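Novice: Structure incoming, see below.
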Amino acid sequence: KESAAAKFRRQHMDSGSSSSGNPNYCNQMMKRRRMTHGRCKPVNTFVHESLDNVKAVCSQKNITCKNGQPNCYQSNSTMNITDCRQTGSSKYPNCAYKTSQKQKYITVACEGDPYVPVHFDASVFLPATPLPSLPRPHKHRLLWLEGNNSS
């Protein structure tokens, strides 16, 4: 079975290339990376940075994930990414996508040992406030989640 880290690489990493000037980039890549098997994945982001740079995000700005989990991290700088969004008229098995190249901060969820990206959470134009500067209850909850019940 594909590991979460390997799935992240397959679905989100496209180092050393870009989508610029290729309106068919998403149609080609979504198919090539098996995100149109059985259904059309509606939205997906490819990151055009080195795997090392993306792995490094796991030690950058700790923020809350969209699902409320505390193991998300936002990049310190913007990254070259491509957003792929299924067009309204396309239906499986003929998945069609709109390709948009952008420079944005990325947010990934990290897990494991080594601590690596396992989920692409979001991309934004403006950086978020890191978790430690949030009000106190969050700190207690985080400590508790880490199994440190000294509070």
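Including glycine, each Cβ sits where the backbone N, Cα and C put it.
These came from Swiss-Prot, pasted as-is:
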type     : residues                                                     : note
REGION   : 1-25                                                         : region 'Disordered'
BINDING  : Lys7, Arg10, Lys41, Pro42, Val43, Asn44, Thr45, Lys66, Arg85 : substrate binding site
ACT_SITE : His12                                                        : active site, proton acceptor
COMPBIAS : 14-25                                                        : compositional bias 'Polar residues'
DISULFID : Cys26-Cys84                                                  : disulfide bond
DISULFID : Cys40-Cys95                                                  : disulfide bond
DISULFID : Cys58-Cys110                                                 : disulfide bond
CARBOHYD : Asn62                                                        : N-linked glycosylation site
DISULFID : Cys65-Cys72                                                  : disulfide bond
ACT_SITE : His119                                                       : active site, proton donor
CARBOHYD : Thr129                                                       : O-linked glycosylation site
CARBOHYD : Ser133                                                       : O-linked glycosylation site
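In terms of burial and nearby residues, how do these features look in this structure?
Specialist: Within its own chain, the region 'Disordered' (1-25) is flanked in space by residues 33-35, 44-51, 54, 80, 82, 84, 99, 101, 108, 111-112, 116-120, which lie at least six positions past its ends and keep a Cβ under 8 Å from the stretch.
In the three-state DSSP scheme, Lys41 (substrate binding site) is classed as coil.
Other Cβ atoms within 10 Å of the Cβ of His12 (active site, proton acceptor) number 19 in total over all chains.
For Cys84 (disulfide bond), the count of additional Cβ atoms within 10 Å of its Cβ stands at 22 [all protein chains shown].
Long-range Cβ contacts of Cys95 (disulfide bond) within its own chain (separation 6+, distance under 8 Å): Asn27, Met30, Lys31, Thr36, Cys40, Lys41, Gln86. Cys95 (disulfide bond) falls outside any helix or strand according to DSSP and counts as coil.
Just so you know, the Cβ of Cys110 (disulfide bond) picks up 21 other Cβ atoms within 10 Å once every protein chain is counted.
In the three-state DSSP scheme, Asn62 (N-linked glycosylation site) is classed as strand.
Within its own chain, Cys72 (disulfide bond) has Asn62, Ile63, Thr64, Cys65, Lys66, Thr107, Val108, Ala109, Cys110, Asp121 as residues 6 or more apart in sequence whose C-beta sits under 8 angstroms from its own.
The 10 Å shell around the Cβ of His119 (active site, proton donor) contains 20 further Cβ atoms across the protein chains shown.
Classification of Thr129 (O-linked glycosylation site) by DSSP places it in coil, neither helical nor stranded.
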Novice: Given the recorded positions His12, Cys58, His119, Thr129, which lie close to Arg85 (substrate binding site), meaning Cα to Cα within 10 A?
Specialist: none
Novice: Within 10 Å of His119 (active site, proton donor) (Cα-Cα), which of the recorded positions Lys7, His12, Cys58?
Specialist: Lys7, His12
Novice: Which one of these recorded positions has the most other Cβ atoms within 10 Å of its own Cβ: Thr45, Asn62, Thr129?
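Specialist: Within the set of recorded positions, the most crowded position is Thr45.
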Novice: Comparing the disulfide-bonded residues Cys26, Cys40, Cys58, Cys65, which residue's C-beta has the most other C-beta atoms within 10 angstroms in this structure?
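Specialist: The largest 10 Å Cβ neighbour count belongs to Cys26.
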Novice: Kindly report the helix/strand/coil residue split of the region 'Disordered' (1-25) according to DSSP, in that order.
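Specialist: Per-class counts: 10 helix, 1 strand, 14 coil.
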Novice: Compile a sequence-ordered list of residues in the same chain as Lys7 (substrate binding site), six or more apart from it, whose Cβ lies below 8 A from its Cβ; state 'none' when nothing qualifies.
Specialist: Val118
